[in-house]
Amino acid sequence: MDGPSLPLNARHVLTKDLIINRINMFANGIAILALFYYRAATLLRITETRETPLAYRWRPVKLEVYPERLTGDEKLPPVDVFVCTADPSKEPSLGVMNTVVSAMALDYPPDRLAVYLHDDGDSYVTLHAIREAWKFARLWVPFRRKYELKIACPEAYFSSKESAHEKFIGSSEFAAEKEIIKKRYAEFQEALEKNSVNASASVSRDHAPSIESSCVGTFLDPDSLLPLCALLFAPLLADFLSSLSVILTGKKAMDGPSPPLNARRVLTKSLIVNRLYMFINGIAILALFYYRATTLVRIIKTRESPLVPYLIVIFSEIVLTFFWVLYQAFRWRPVKLEAYPERLPEDEKLKPVDVFICTADPSKEPSLGVMNTVISAMALDYPPDKLAVYLQDDGGSYVTLNAIREAWKFARFWVPFRRKYELKIACPAAYLSSKESVHEKFIGSREFSAEKKIIEKKYAEFQEALEKNSVNASASVSRDHAPVIEVIKDENGDSSLKDMPLLVYVAREKRPGHPHHFKGGALNALLRVSAVITNAPYFLVLDCDMYCYNPSSARIAMCFYLDPKISSKIAWVQFPQKFHNLSEHDIYGGSLNAIYKSNIGLDGLRGPNIYGCNFVMTREAIYATGKIEKEVDLNQLKKKFGSSNEFIKSLYKSYKPQLPEDRKLSGELQKELQLLASCTYDNGTDWGEEVGYRYFSVVEDAITSLSLHCNGWISVYIDPASPCFLGATTTNLNDMLVQQTRWVFGLMQIALSKFNPLIYAPLKLSILETMCYAAGSLEALYVLPVYGLAIIPPICLLYGIPLYPKVSDPYFIVLAFIFLSSRLKHVQETISFGDPLINTVYELRVWMMKSVACYFYAVLNGILDRLGLREANFSLTSKVVDDEQETRFKQGIYDFQVSPMLLIPLCSLYILNLAAFVIGIARLFQKNDELLAQTVLSFFVVIVNYHLLEGMFLRKDKGRIAPSVTLLSIAVSAIILGCGSLLLFY
């Protein structure tokens, strides 16, 4: 049989050269793109800042002026001269006063010339010096004008060869007057030297504004030949100089804007790092998917390895990439905001603020902590007649009612004490347990020391009263009670209430069978009740354990609400939640910094979400009213807002609350309040849907944020150097996992509804804002790739099946680059945020635990809730401190006294990866480099979650993982291995 003839030619692919060439193209291409990105960024910066003078060389021009051609003096416009100084020890008075005198001696009509000296050091040395300068100027200015001297400065004139105008040369009168001037100048110089002794001690950095016009009688004389000379001491130079020049001289050269109440600063370095990371990592991810696609095609054709495991890994990587893309929206434009409350107008121009605090169960939220929050809110640095504090007690507990009455008694002492001595801490418990925070001017004051001892005694009595009152607190909680509204005041009613904020106790009606809508329903009840009592246009929401630390929070919020550029757009100002009970080991992620890092990016978009508490909001935004016209039909308003006529009236800006000065509720007002706090008031209205906090999800803050942003409102995130609020974070693993499960379940409710941001928001928000909301609401879906990558690669590793490129494959470098770049980006963000490096491990560990335990149950419960097979519930996080758990928390030791339902998934996957890692190491010694990536992945899981290994096998203390849980986890991991092995046949 004749076989085919031999080929006449052959084509050999030079594999080594091909790999080298393509690696060179890829790496060099990335470098070239990075270079052009740098060039574009530099060009943009140069365009904005004009750092280079090249543009100014294009058309060189020289100007000339001809002052001799000016018309008569009466047609010249007025001119003000501004001179600045700060410290006479560094800027000697003689030189400064020569500048002032020379400005007064300008060749300009004296009635159209004024000189202003601004002294930023408020120094008496400078004040005395300018007075002496005025005396000398009375001689120098007429002398210079009379003899037409060409040098205006006396110091420069006397040290030069300059003489009088030619026509006065040889004049005996000129010579005689010059001698008199020289003598007076020497006296002037000597007076300044005597005055300047100890000049540095005269400088002040804490002073009120001071304004003095030299020789008032003289400058008001219309025949005076001297220009106005004014000395100014003011903290705001430009505005004081411009405004005072208008007041004193009537010369208005330019209307300057008032100083900004806030500032927005783009974090340029972070922006460049973030976008470069997105660009390079994005290219690497595309390269990885190219590898996956080509490998998948080859596997389908050749069946060289099981297909299903490979598909699961690809699916997991696609989901992770989807989330990576979403999270880049947070990094797109990082911005930091600053506020300047010292620039706010006087108190009478500030708007009223209501403070809302919610509590539910004094057995889980101890009265002492709740009342410290109430008292700290009353002690805010805000006009007391414009401040009201409302405590909503969802448990209707007599323990809480009695506690707030005791809190009022103590607040009568604490609030005036904090205001009088300008304490920097508003909370009495925090103040009395901390170092001194009194204003400097009161340090060493006997009166202060005496009053502080009285406060300490009163606080001890207050604390003792609450302890006695809290006996059997759990039995005092009711889920079936009528509404109770009480304005708290002195029992005898004789004391003046002028200097005390209003304090109101509210317990909305609760009845079995009537939905109460958790915290959202409680806040809506407070909105309605407060509307007819105080009706402040702004309200601050606090959790019961989140006390006011820095008393300036309300004023900081007003820096945005009183900014005419943005005030009409802002719905809320969000402050971060910070905690007083954090340890140096943030093992449970209790600082929430992983969340607040993203707010820097959200401020560059439409603003942050509502984070449960610590925010100031406008009623106009939460009511969704805008400006209500009088022509609106009353029935329409009642359908939207409910049947209360008094509440409907409160919607109008002209409304005046009905509470009298003695703060006694009338029978008619009490009846109206009972209606507004009833459990049926919401029925048939828009409350919870379009008005107030939305009821759709147990995380009312997330759905309300989305709704308000989609309605066109914006928000801001401000993080002052001194924390405005401090609370108590979770100090054990069980509370953390339960809390996170509840939060993520609420987000899943949103994701599985019509409010899913990818469906609801695209036409109402920008793409980046939609991505941010989608990243939050879909977060629970991380469970899919985490379970996929925690199960499939280890099982394949046990059976020696490779899923990743071998070390010699160029795509191994791509895979390693993606992994390392993501870890290094996390490190960079942690350090730039000011956290210790170890927090990168803690945050990653918390994310893994949440993904395996919390997200799994959140997705399951979300689906069941959507199918109507599960009813949403809300469980309080206990604020009661367990001493043993607290000790372990401070030592950085995990407390595994957790429900087995949460622990078993964690331990099972850990055991599976531990076994795979041990087998993988053995295979690597056999030079099987195809399995290196899978071995490293299992090692990464094992080393990051080393605390689980300790809890199961190494620890013997009470906080370890129970042996029964460990044994059950081993059994579950064996089941997972067995079931997973079946996939290897496909």
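Heads up, the Cβ atoms here are built off N, Cα and C, so glycines get one too.
The following features are taken from TrEMBL:
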TRANSMEM  271-291  transmembrane segment
TRANSMEM  307-327  transmembrane segment
BINDING   K364, E365, D394  UDP-alpha-D-glucose binding site
ACT_SITE  D394  active site
BINDING   K519, D543  Mn(2+) binding site
ACT_SITE  D701  active site
TRANSMEM  780-801  transmembrane segment
TRANSMEM  902-925  transmembrane segment
TRANSMEM  931-949  transmembrane segment
TRANSMEM  961-985  transmembrane segment
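A map of TrEMBL features onto the structure.
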| residue | record | contacts (Cβ under 8 Å, 6+ apart) |
| --- | --- | --- |
| D394 | UDP-alpha-D-glucose binding site | C358, T359, A360, A507, R508, K510, H516, A522 |
| D543 | Mn(2+) binding site | I357, C358, T373, G612, C613, N614, G727 |
| D701 | active site | N609, I610, Y611, G612, Y693 |
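Only residues 6 or more beyond the boundaries of the transmembrane segment (780-801), in the same chain, are considered here, and those with a CB under 8 A from a CB of the stretch are 305-306, 309, 312-313, 315-317, 319-320, 323, 744-745, 747-748, 751, 848, 851-852, 854-856, 858-859, 862, 909, 912-913, 915-917, 919-920, 923, 928, 931, 934-935, 937-938, 941, 976-977, 980-981, 983-984. For E365 (UDP-alpha-D-glucose binding site), the count of additional Cβ atoms within 10 Å of its Cβ stands at 24 [all protein chains shown]. Between the transmembrane segment (961-985) and the stretches 271-291, 307-327, 902-925, 931-949, it is 902-925 that has the most C-beta pairs under 8 angstroms. For the binding-site residues K364, K519, the ranking by surrounding Cβ atoms (within 10 Å, all protein chains) places K519 first. Spacing of E365 (UDP-alpha-D-glucose binding site) relative to K519 (Mn(2+) binding site) is 15 Å (Cα to Cα, whole number). Note: the CA-CA distance between K364 (UDP-alpha-D-glucose binding site) and K519 (Mn(2+) binding site) rounds to 16 Å.
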